[in-house]
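If you check Swiss-Prot, you get these features:
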type: BINDING; residues: 22, 23; note: phosphoenolpyruvate binding site
type: BINDING; residues: 91, 120, 121, 122, 123, 124, 304, 326; note: UDP-N-acetyl-alpha-D-glucosamine binding site
type: MOD_RES; residues: 115; note: 2-(S-cysteinyl)pyruvic acid O-phosphothioketal
type: ACT_SITE; residues: 115; note: active site, proton donor
């Protein structure tokens, strides 16, 4: 198991290319199950979760070939079972449930794993699929689903679940008749999935709004599709510029998809400007101010940026409250930031952050993907040396993060623990 050793206190200057989006690529790759022809994906990030997804697709009968940042999937003899040894490492693997039911009328999927950040129930997925005609049993840790043929239905989500929206959107493309999904997730990654499905021949309207309408079609074909850039990686690098007092140009950077993050970072003192159509420059005016942050479904402030902006707030002037409304137990980075000298007090789903003059390097342990990123950011700003342990979480969601940061001045070494 590796760790990162970070020598802090170096302003970052230069250009960083934003990778393709992990959170868009995972469901889009799973949607390969729906297609009857080969598909070529470009701008695919080389991440542990992507490699796991490709292994899972191969087991399900959709072998995937990785070449650089291009993945070609060739559907052949589909099989209905997603085994535990792959699913246990990645919660997104439950997204094969809807496509398998739509194509085969059956699915046997192990209960998912992934980051340990509280309850992420799949009940919303199952309840909605039942309305389309599926039945489910829990058998030795596996979800066993069956249906004769999925039928279009009118489905209202109690909460705009991203995974539930994606699963039902995929299932509905091959269902009989029209499916109306209400109170759906509006995240850009959901829109990217819908655009991909449309490119394969699906009939979808309303993606990006709270109501999506899907008219089922008999089959989906193949296409070539470019995965959107990763807005969370881009936001993380924006914070890296601010927390080190640096000057970064982020190339192929999403902007509209990051409006809530950019607005909050500007309010804290960062200068964020577009350069051309797809590049963004990030600096700051020398004075960081703490601000209140509340996570919300898109277009609100994303929960996946909560830990990173908290790291920035630890060295800002004043105090701010970070409120987490999406996931429970998503403050596991707080004790580690406190080890580095941060002043953070927890109270239920909120954290009071009071800025300190400096952070001090220390050994810290990553507990989930975004917590890992916050500790790397804190290490970049800290005085002295920081050891971030258990970085396998980081490798699930950030492509070569230490190489990208070192290229703009950071001093980070990967080594065995």
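From the backbone N, Cα and C atoms, a Cβ is placed for every residue, glycine too.
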Note = Across 123, 304, listed as binding-site residues, the smallest other-CB tally within 10 A is for 123
Inquiry  = I want to check the contact list for residue 124 (UDP-N-acetyl-alpha-D-glucosamine binding site): same chain, sequence separation of six or more, C-beta distance under 8 angstroms. What comes out?
reply    = 157, 158, 159, 161, 164
Note = Closest by Cα to residue 22 (phosphoenolpyruvate binding site), out of the binding-site residues 122, 123, 304, 326, is 304
Query = For the binding-site residues listed here (22, 91), which one has the lowest count of neighbouring CB atoms within 10 Å of its own CB?
reply = 91
